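Feature annotation from Swiss-Prot assigns transmembrane segment to 15-35, 61-81, 88-108, 112-132, 146-166, 184-204, 240-260, 274-294, 302-322.
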Amino acid sequence: MLTFARQQQRRNVRWLLSLSLLVLLATLLSLCAGEQWIAPGDWLSARGELFVWQIRLPRTLAVLLVGAALALSGAVMQALFENPLAEPGLLGVSNGAGVGLIAAVLLGQGQLAGWALGLCAIAGALIITLILLRFARRHLSTSRLLLAGVALGIICSALMTWAIYFSTSFDLRQLMYWMMGGFGGVDWQQSWLMIALIPVLIWICCQSQPLNMLALGETSARQLGLPLWFWRNLLVVATGWMVGVSVAMAGAIGFIGLVIPHILRLCGLTDHRVLLPGCALAGAIALLLADVVARLALASAELPIGVVTATLGAPVFIWLLLKSAR
């Protein structure tokens, strides 16, 4: 038994080390790739100063953090709602952030600064989160709370569609494109959004024990002495914050939070002590590679990264649906 535990521990360490190495390689590729390939030896040149340090580095850091946040949000939600198909957009938090942005553009008549739009997106996400918490205070079951989140997402999506359809504002048309997901506008001015993600990411990675209990089901978690109402509310707020900041930075990006936790579980990483840091690393890798594809797929334009992740993630999503139906 002790030998098996040691083998499992070594296997988990090998997984995390391998994912860490892949993060470094993907980061290197992201910094080099673009309309002009800039090798590491040229990073200190005048061209490297502009393209690598001022343009590609902040974008790469944002992609790393958003990928980690979305994958962690998916892992948390799947444990929280005991639903293998749960993902960050499911609770309507992503759409809530979009409604906040559209309201800011309409009320500000396109004159608000980028940081103000970011705050409005976070505010929209947190408002949806607070509504969900109000449902949670009524001690609804997890399945009903999940349905409430789906309904809120549909309402927010309808509001966004109505606002954009009847609007003559060019800013709203651009916002619709931005909501497809993309990091084209990220620079060092968005560093405060990156900093806002880091402490929550670290905190989530340290919450393996309550998440392991929640993954056993509500009844088992309650029998093990977990204050279920407290942890459910706290994790919903943390998830809402991560998704809100991610949407403020890059728009709505789907499937990362759904696919990454599933792939790691299929590889045998079921313990949240390993699954959480593994999701953060794998989510960062997947989104970095998708961002490189979005940049290089077209010669004179950039694909929305949400389109890339949806194209790659939709077949996996269908497979998961078919598998769960069996």
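Keep in mind that glycine also has a Cβ here, set from the backbone N, Cα and C atoms.
Long-range contacts of the transmembrane segment (15-35) within its own chain (CB-CB distance under 8 A, at least 6 residues past either end) are made by residues 43, 51-52, 56-57, 59-60, 63-64, 267, 269, 274, 277-278, 281-282, 284-285, 288-289, 291-292, 295-296. Fewer than three CB pairs closer than 8 A are found between the transmembrane segment (274-294) and the transmembrane segment (88-108), and contact between the two stretches is not assigned (pairs 6 or more residues apart).
Across 146-166, 240-260, 302-322, stretch 240-260 shows the highest tally of CB pairs under 8 A with the transmembrane segment (184-204). Within the same chain, residues 91-101, 103-105, 145, 148-149, 152, 156, 185, 189-190, 192-193, 196, 236-237, 239-241, 243-245, 247-249 sit at least 6 positions outside the transmembrane segment (112-132) and bring their C-beta atoms closer than 8 Å to a C-beta of that stretch. Below 8 angstroms of C-beta separation, residues 81, 83, 86, 89-96, 98-99, 102, 106, 128, 131-132, 135, 140, 172-173, 175-176, 179 of the same chain, each at least six residues beyond the ends of the transmembrane segment (146-166), sit close to that stretch. Away from its own ends, the transmembrane segment (88-108) comes close to residues 70, 73-74, 77, 81, 116-117, 120-125, 127-129, 132, 146, 149-157, 159-160, 163-164, 167, 169, 171-172, 175, 179, 236, 239-240, 242-244, 246-248, 252, 254, 257 of its chain (Cβ-Cβ under 8 Å, at least six residues beyond either end).
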